[in-house]
Amino acid sequence: MNALAATNRNFQRAARILGLDFKLEKSLLIPFREIKVECTIPKDDGTLVSYVGFRIQHDNARGPMKGGIRYHPEVDIDEVNALAQLMTWKTAVANIPYGGAKGGIGCNPSDLSINELERLTRVFTQKIHDLIGVQRDVPAPDMGTNSQTMAWILDEYSKFHGHSPAVVTGKPIALGGSLGREAATGLGVIFATEALFAEYGKSIADHTFVIQGFGNVGTWAAKSIHERGGKVVALSDITGAIKNPNGIDIPALIKHRDNGGTLKDFSGGDAMDPNELLVQECDVLMPCALGGVLNKDNAADVKAKFIVEAANHPTDPDADEILSKKGVIILPDIYANAGGVTVSYFEWVQNIQGFMWDEEKVNHELKKYMTNAFQDIKKMCKTHNCDLRMGAFSLGLNRVAHATLLRGWEA
């Protein structure tokens with residue numbers, strides 16, 4: 001099941017739980033605006049090449065739309081649509097005053113030089129600059145993009161609209177980026193996990209973890225688990241996978257990787273088949289990479305008691321049903337990985353105020369938002385006798401529906 005179909009299915013289940021009016025339900029599902037643009041640039045060798053760019057603006061009932069821009073060969077309208085819709089519910093679950101959006105360009109960034117990437121980003125910004133803005137739609141980095149990409153968007157947008165640091169988040173610190181933004185999604189995952197364990201009178205130190213994906217989110221999550229006394233017993237990235245039942249030395253692994261090493265040649269763990277990682281013995285499984293990795297083919301073999309969805313849509317609905325029947329507790333993506341957008345909100349607030357926070361304040365506020373959101377989800381679970389995924393979806397959907405009705409959607 002693709003991401004859009006899965007997201008729609010979860011949405012419809014939550015709408016049934018809430019007893020939403022059918023017309024309102026349909027209205028909430030339809031994106032506010034879909035933008036598709038052609039981006040033609042000269043390559044370094046002088047030849048012209050064209051790429052297709054998208055920006056889906058899903059909903060703005062609760063505030064400006066918010067969402068990443070990804071550069072990836074498989075970017076398509078369905079995927080971007082699903083991710084924009086997820087952002088609408090995610091910002092509502094985190095209770096930050098945003099709606100949802102998502103964008104992307106169908107390209108392979110590794111095939112482009114830094115100058116070509118800059119030209120592509122600037123052309124894309126020129127095509128959409130009048131449809132984004134500080135109070136309208138605020139992009140951020142995503143797969144294949146980074147703080148430098150945001151710096152180019154900020155500069156190009158400012159040529160049309162004057163200096164506007166709050167038009168993007170995830171910027172370099174020197175251009176108004178927030179301290180703590182880089183660690184935000186991974187650290188948010190940890191705060192979410194701590195809130196979940198508090199329900200059982202447990203802590204991170206009481207559990208073993210398997211992490212799929214050792215990029216930004218996986219690295220910060222693994223580092224935080226290690227600092228809190230938890231054991232990461234297996235870990236993978238695109239180069240391979242390793243395991244160590246006594247716990248992997250995460251600081252040593254990060255140092256090894258930063259010095260050009262790969263997982264496979266790290267001496268602190270045994271190489272393993274990456275396909276076996278998701279069904280490895282552990283307490284907590286954290287998918288931190290791609291969507292759809294847990295499906296009907298492998299869900300029955302998962303041995304973890306908890307799954308914390310640090311990636312977007314890692315568990316398809318068929319796997320969801322299998323895992324629920326096994327009694328596996330799933331902390332859903334629209335809550336678990338909301339730390340990134342929450343600190344993006346803090347960055348936006350700081351830019352508008354023209355007053356920057358220190359990292360301690362950023363992390364303190366992040367923990368508060370993640371903890372409060374978990375309590376709100378638990379209340380919905382209790383009210384509607386549902387699991388955490390439906391608790392989160394119904395919480396987000398209820399907040400967006402309420403805001404839409406208050407604004408007078410039928411007028």
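A Cβ is built for glycine as well, from the same backbone N, Cα and C atoms used for every other residue.
Of all Cβ atoms in the shown protein chains, 29 besides its own fall within 10 Å of the Cβ of Lys66 (substrate binding site). Here TrEMBL flags Lys66, Lys90, Ser344 as substrate binding site.
The Cβ neighbour count for Lys102 (active site, proton donor), using a 10 Å radius over every protein chain in view, is 31. The active site, proton donor annotation in TrEMBL covers Lys102.
Other Cβ atoms within 10 Å of the Cβ of Asp142 (site 'Important for catalysis'), summed over all protein chains shown, number 22. If you look up TrEMBL, you'll see Asp142 marked as site 'Important for catalysis'.
Annotated NAD(+) binding site per TrEMBL: Thr185, Asn216, in sequence order.
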*Out of Lys102, Asp142, Thr185, Asn216, which of these recorded positions is nearest Ser344 (substrate binding site) by C-alpha distance?*
Thr185
*May I ask for the distance between Lys90 (substrate binding site) and Lys102 (active site, proton donor), taken between their Cα atoms and rounded to an integer number of Å?*
13
*Roughly how many Å separate the Cα of Lys102 (active site, proton donor) from that of Asn216 (NAD(+) binding site), to the nearest whole number?*
19
*In the structure shown, which of the binding-site residues Thr185, Asn216, Ser344 has the fewest other Cβ atoms within 10 Å?*
Asn216
*Excluding Lys66, Lys90, Ser344 themselves, which residues in that chain have a Cβ inside 8 Å of the centre of the Cβ atoms defining the substrate site?*
Gly67, Met87, Thr91, Ala94, Ile96, Tyr98, Gly100, Ala140, Ala338, Gly340, Val341, Thr342, Tyr345
*How many whole Å apart are the CA atoms of Lys66 (substrate binding site) and Asp142 (site 'Important for catalysis')?*
12
*How big is the Cα-to-Cα gap, in Å, between Asn216 (NAD(+) binding site) and Asp142 (site 'Important for catalysis')?*
11
